[in-house]
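Some features that Swiss-Prot has for this protein:
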BINDING   GLY229, PRO230, PRO231, SER232, SER233, GLY234, LYS235, THR236  ATP 1 binding site
BINDING   GLY953, VAL954, SER955, GLY956, ALA957, GLY958, LYS959, THR960  ATP 2 binding site
DOMAIN    196-467  domain 'ABC transporter 1'
DOMAIN    545-758  domain 'ABC transmembrane type-2 1'
DOMAIN    908-1160  domain 'ABC transporter 2'
DOMAIN    1233-1447  domain 'ABC transmembrane type-2 2'
TRANSMEM  563-583  transmembrane segment
TRANSMEM  651-671  transmembrane segment
TRANSMEM  682-702  transmembrane segment
TRANSMEM  707-727  transmembrane segment
TRANSMEM  733-753  transmembrane segment
TRANSMEM  791-811  transmembrane segment
TRANSMEM  1252-1272  transmembrane segment
TRANSMEM  1284-1304  transmembrane segment
TRANSMEM  1336-1356  transmembrane segment
TRANSMEM  1397-1417  transmembrane segment
TRANSMEM  1425-1445  transmembrane segment
TRANSMEM  1478-1498  transmembrane segment
Amino acid sequence: MADPQHVQEEAAGAEAVHAHAARHDGAVVMEILSRSLQSMPASPDVSAYFSGASSRRPSAADEVDDEEALRWAALERLPSFDRLRTGLMRADADSSGVGVGAVGRGRRWYAHREVDVRTLELAQRQAFVERVFHVAEEDNERFLKKLRARIDRAGIQMPTVEVRFRNVNVQAECHVGTRALPTLANVSRDVGESLLGLVGLNFAKRKALHILKDVSGIVRPSRMTLLLGPPSSGKTTLLLALAGKLDPTLETSGEVTYNGYGLDEFVPQKTAAYISQHDVHAGEMTVKETLDFSAKCQGVGQRYELLKELAKKERQLGIYPDPEVDLFMKATSVEGSTLQTDYILRILGLDMCADVIVGDELRRGISGGQKKRLTTAEMLVGPTKVLFMDEISTGLDSSTTFQIIRCIQQIVHMGEATVLVSLLQPAPEIFELFDDVMLLSEGQIVYQGPREHVLEFFERCGFRCPERKGVADFLQEVTSKKDQEQYWIQSEKPYRYVSVPEFVAKFKKFHMGKSLKKQLSVPFNKGKIHKSALVFSKQSVSTLELLKTSCSKEWLLMKRNSFVYIFKTVQGILVALIASTVFLRTQLNTRDEDDGQIYIGALIFVMITNMFSGFADLSLTLARLPVFYKHRDFLFYRPWTFALPNVLVRIPSSLFESIIWVAITYYTMGFAPEASRFFKHLLVVFMLQQMAAGLFRVTAGLCRTVVVTNTAGSLAVLIMFVLGGFILPKDAIPKWWVWAYWCSPLTYAYIAFSSNEMHSPRWMDKFVPDGKRLGVAVLENSGVFTNKEWYWIATGALLGFTILFNVLFSLSLMYLNPVGKPQSILPEETDSQENIQEGKNKAHIKQIITVETPEPVSPNSIITLDKVIQQLRGYSANTSDRSHSYINAAGRTAPGRGMVLPFEPLYMSFNEINYYVDMPLEMKSQGVTADKLQLLSGISGAFRPGVLTALMGVSGAGKTTLMDVLSGRKTGGYIEGEIYISGYPKNQATFARISGYCEQNDIHSPQITVRESLLFSAFLRLPKEVNDQEKKIFVDEVMELVELTGLKDAIVGLPGVNGLSTEQRKRLTIAVELVANPSIIFMDEPTSGLDARAAAIVMRTVRNTVNTGRTVVCTIHQPSIDIFEAFDELLLLKRGGQVIYSGPLGTNSHKVVEYFEAIPGVPKIEENRNPATWMLDVSSAASEVRLEIDFAEYYRSSTMHQRTKALVKELSNPPPGSDDLYFPSQYSQSTFNQFKLCLWKQWWTYWRSPDYNLVRIFFALFTALMLGTIFWRVGHKMESSKDLLVIIGSMYAAVLFVGFENSVTVQPVVAVERTVFYRERAAGMYSAIPYALAQVVVEIPYVFVETVIYTLIVYPMMSFQWTPAKFFWFFYVSFFTFLYFTYYGMMNVSVSPNLQVASILGAAFYTLFNLFSGFFIPRPKIPKWWVWYYWLCPVAWTVYGLIVSQYGDVEDFITVPGQSDQQVRPFIKDYFGYDPDFMGVVAAVLAGFTVFFAFTYAYSIRTLNFQQR
């Protein structure tokens, strides 16, 4: 019987709990729980639940169970709100935590302690994940079964979604053939056709591209569905259509429903998630930060409602849940907890890189495979249960892919999710994880249904999958015209090609097709679905929380980009110091109007400097847009919650910069000394910076591409600059432009600065001869309103512009989409035309052979370049043959053996290779004390001619690192060890000539075609002895080998934006190296991102290359059986860069299998299992732990290691009579030929860059017309010195802003090409000087055209004197000014690590160019200690040349305030310090600046390397 005192205390405890029901503070809850536990007796039935009903004597474990029962009972008494946020966490027996443990009969007993799930500490979360999901794939399944059992026990129905689609058609209208190339001519035609289209005239010749044709099907919940199909079959389009994310410009028809609801009846972006094949992330954030942000934006969805319902049912049924399941469900159901992130990190294998930044092109971060997993994880951390996953395994090894797909399968089966996954090369064991298969080909569904029936269907059609052939690989090849015949099994019938429409018709008659049609004909029963299955609200997280989350992210990104802001601040300080010493107080006076104009000039300079300081926001904002668009499309947040933090977070840095600037310049320059005016001046500087940042942000948001944004930014500054009232006073502005004066923010900044200064007592207490106050007179001369109230009006206007620009920025983010979509280039010829052309090509090759050789050529034989060149050169090689099943896998005859072009077979040996990098700061901050991190450890091996070597290992094992080290591509780190080429120490300069490297990232010049890319590589890298005709034949044959012939005229494009698809780019990367005819080829994941058929094509090419006697090494991630067994030898690495196997594969991989099966504890390989996948599985880190063995140590003690070391020793000595590699020159081609070829490529690049060249020509045209109308006939109005200053201002603005624009817009073009340059230079194609010279020369014709357009408009409209000499000089000065500004922009990029730094650096020098141009402060007024810089300022020489060439000989008289009338010629000499007879020197100096900037660009591109490898 219970003790009465206990009963009273229990009642008191319960009363206390209810009294605090409204309080949600975790500490209060814990305090109440503690009191309840101290006073509560054990409940017999509850205790029995935990300890198990038994008559045995109570033990320590029973006491612990009683304690847990008491805690559950106490939890049940909490208010619902607190109860759903409090869980029980296990505490180890030896921990110092609250829990108490005991050990008995060999078992460890655990107690639990209560925790607030919202405030779980990092250590608690990590301990929970480590304990519950120790071996991710096994423990995840066990845990999810327990979670599902809890839900089923309570009788809760899980919300599910069934996706149906009926008769979906998608098509696009596009140009075909060369008309699709983005040349200047084609784009001009497009613009003309669009304008004519507006008036109903349609001359555009477009072709309909059918992407999806009448597809229907069902994606069911609780079933894993695999989407397969060859490239360009429409897989991505189907996934986008089902997710409701299709481009609105596409023509679509048909119906897509979720549980019977159309896409317009709910919010598909919140219900379903499309996981893209493109990895778009903020490179500055760590993996965990990226996922935390995603989780906070997506919220918890219906998880909290499900938990409430579950807790209610369990309370009614008297069920107590498993503490770990309960804690997990509670922690993942409340906002603010990050346990969901920790869980996803663990099951996707990202926990080991959780604190590593993602990285980008110039910032080292996680690997490509890890980025791919991060893209998947970003959506898995959310509550979405409908997932459309597009090629999520690219770049992952098969073992990792298997683990991820298995974890997703567990989530699907246990959580009743709806998932459709497209994979490129699923291994057989991965294929087995799927329940259903959907096969897409040519935009039509060939099969959809259970995996078990797919082979039955194709056998009925007459095709069978061979043994040791993956079913997925078979499915992707069986519909292909080139691959189908090998699978034909109806020997009694002659084979004929079965087309895709025939397969579709046969499927409709197949029993699965009939079943599918029947199910689609029955409407979905909406009454049976769970109410929360679909999401009907666009907002799942409160606006305030989203705002806080976005602010935190912006602040984090700002800290990670601190270099940019520090650089900007330091630059501002330097410019402020320079400006202070130019406008030095001791040199300035306040005596008359001339002195006032100097102060006005100083204020204008302050204004322009702070205006230009916002220019960096252009590139910073543009860099953020791709990630924003992705988040916006997922409805992570509203656009304004991205824009507002962007503004708010930058306010402190802007305020700091403003204070620093004003503190340095204000009193040093000698502005009005009153404190109030100091702070008013500071306010205007700050508001001006905010306005400028807002202006450049909205420019980036509206334009969205780098070149157009930079051009628009320059245009905006030009309009504000010219119409701001300080170059051309308001009264002198033509009436048709006065509106722009009032719309220019610089107008108000100019008024505010001038009014604040000139209304100070030191100006207002003095008078000019006509009786006006000096301050008023200066303001009138400057065209500024004299009423002092204008200061506040102008400051308010700046605030208004700031708000307006930021609102417009938000609207642009809300309504505009990113520019550029993936495009398809259709060949213009029909099939028959293609066949005719193909016949001509073959006839041409036959003709060559017939001329050179007496042997007849069979009309049915396969003509390969191997044979052609053998016959042409009489050169052949006899090497041992080897047959491989995959070579004929596509029904082709293997090419004849032989050397395509003469070359020397070479082998490579390496001994004890170690590679270290400096310890990352993230690891040092976690307590790691070592200074270096070892990535490769004691690797030895050899690569030999005619032997194809696979370099394998799990993600992060160091495969790419080893290849970079051996090929000499590493730019940092510390390398130890010996590398030999045919027995001689490796010399990188000669090695680059005989080697090729296919990088994992497909980096190519975006604006040239496929064939042009190959011609460029071949003509630069093949020896001079090979004539041009042979090179072209060779290129065409390589294109045919890698099946790029149909795409030879397709533009390469930028990844994910336009041009080639991922797999097409991969094949191009390989072809670019193959046309160089190298002796040793490194290939970094050549089949990554390819489907099985494309991978087979690539591997056929690789095998053919090896068979010619070359040495080829490939890293490979997910090889099918066919591909894996095409290799001869294997070098297998484990994490940490250690070798665990180095030797031959053997027939059917038997040697590898035998080696690992001989290790104690390793399970035997299953029948038909892929040896590559099995090998990675049995040698994984988890296997090492389970078997208690170190595979690296086992290998080092094996006879295989001894044989490898012996081979390395043998091959490290040169053969007798051999010579080391020698080339008379470093490069294959002469410097002049390199220049010609680089110029050829640059010419096509520029011709096909309308966003650069058309835009800048348009800018020049617009600027010319605008300035011509603003300064209309200004050359005729020359009565006073004020008129002359306006004329000079017009010329200054006219030339300067086109120059600035050229400098800004060339930078992104050069930056993109610089990335390609790094790859091509590393490949030994050319030296830096010819490349740079070609880039310099190709600009000249475009700048010339720009200058012609500009001067022919500006010169007559401004009414300058029409004499040949004066026009020539105006043209000459303009041309060289535009040219040196262009080269200055190129130089800026060459000395900067990225575009952001280049833009900040550029803005600083634009400011200094302005300051010392001689316009704002004439040379005679510049302090003598700064005159030297005046002579070094290129813009000063431009202004000098413009003024002297136009007015150096004018003898007319003009009025000068306060002085007698003067002639123009002596006035120019006295006021500006210009000598009219100095024009020849000016011309030479302008040409000299052009050469200097071009040379500096070339020198910098040669010596500086910002690539990190």
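In case you wondered, yes, glycine gets a Cβ from its N, Cα and C as well.
A map of Swiss-Prot features onto the structure.
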residue : record             : Cβ within 10 Å
PRO230  : ATP 1 binding site : 22
PRO231  : ATP 1 binding site : 16
SER233  : ATP 1 binding site : 26
GLY234  : ATP 1 binding site : 22
THR236  : ATP 1 binding site : 21
GLY953  : ATP 2 binding site : 27
VAL954  : ATP 2 binding site : 24
SER955  : ATP 2 binding site : 23
GLY958  : ATP 2 binding site : 24
THR960  : ATP 2 binding site : 20
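Between the transmembrane segment (1425-1445) and the transmembrane segment (1336-1356) there are fewer than 3 Cβ pairs closer than 8 Å, counting only residues 6 or more apart in sequence, so the two stretches are not in contact. When the alpha carbons of PRO231 (ATP 1 binding site) and SER955 (ATP 2 binding site) are compared, the span between them is 25 angstrom.
Cα-Cα distance from PRO230 (ATP 1 binding site) to SER955 (ATP 2 binding site): 26 Å (rounded to the nearest whole number). You'll find the Cα of GLY229 (ATP 1 binding site) roughly 26 Å from the Cα of VAL954 (ATP 2 binding site). By the criterion of other Cβ atoms within 10 Å of the residue's own Cβ, the least surrounded of the binding-site residues GLY229, SER232, LYS235, ALA957 is SER232. Taking pairs at least six residues apart, the transmembrane segment (1397-1417) and the transmembrane segment (682-702) share fewer than three Cβ pairs below 8 Å and do not count as touching. In space, SER955 is the closest of the binding-site residues SER955, GLY956, GLY958 to SER233 (ATP 1 binding site), judged by Cα positions. DSSP gives VAL954 (ATP 2 binding site) a coil state; it is part of no helix or strand.
Sequence-ordered, the extra residues of this chain that approach the ATP 2 site, with Cβ no more than 8 Å from the Cβ center of GLY953, VAL954, SER955, GLY956, ALA957, GLY958, LYS959, THR960, are SER367, ASP397, THR961, LEU1133, ARG1135. Summary of the ATP 1 site environment: with the site residues GLY229, PRO230, PRO231, SER232, SER233, GLY234, LYS235, THR236 set aside, the chain residues having Cβ atoms within 8 Å of the Cβ mean position are LEU440, SER441. A Cβ distance under 8 Å defines the sequence-distant neighbours of the transmembrane segment (707-727), meaning residues of its chain 6+ beyond its ends; these are 600, 604, 608, 611-612, 615, 618, 622, 695-696, 699-700, 733, 737, 740-741, 743-747, 749-751, 782-784, 819, 1251-1252, 1255-1256, 1259, 1262-1263, 1266-1267, 1270, 1286, 1289-1290, 1292-1293, 1297, 1300-1301, 1304-1305, 1307-1309. Taking the domain 'ABC transporter 2' (908-1160) as a whole, pLDDT averages 86 in the prediction. Counted over every protein chain shown, other Cβ atoms within 10 Å are most numerous around LYS959 among the binding-site residues GLY956, LYS959. Note: the stretches the transmembrane segment (1252-1272) and the transmembrane segment (1284-1304) are in contact (3+ CB pairs below 8 A, sequence gap of 6 or more). With Cβ pairs under 8 Å as the measure, the transmembrane segment (682-702) is packed most heavily against 791-811, out of 651-671, 733-753, 791-811, 1336-1356. Reported as a whole number, the C-alpha separation between LYS235 (ATP 1 binding site) and GLY953 (ATP 2 binding site) equals 30 Å. Taking the Cα atom of each, GLY234 (ATP 1 binding site) and VAL954 (ATP 2 binding site) are about 31 angstrom apart. Each residue contributes its Cα atom, and for GLY956 (ATP 2 binding site) and THR236 (ATP 1 binding site) those atoms are 28 Å apart.
Tertiary neighbourhood of the transmembrane segment (791-811): same-chain residues 639-640, 643-644, 646-647, 680, 683-684, 687-688, 690-691, 694-695, 697-698, 701-702, 745, 747-749, 751-752, 755-756, 759, selected by CB-CB distance under 8 Å and a gap of 6+ residues from either end.
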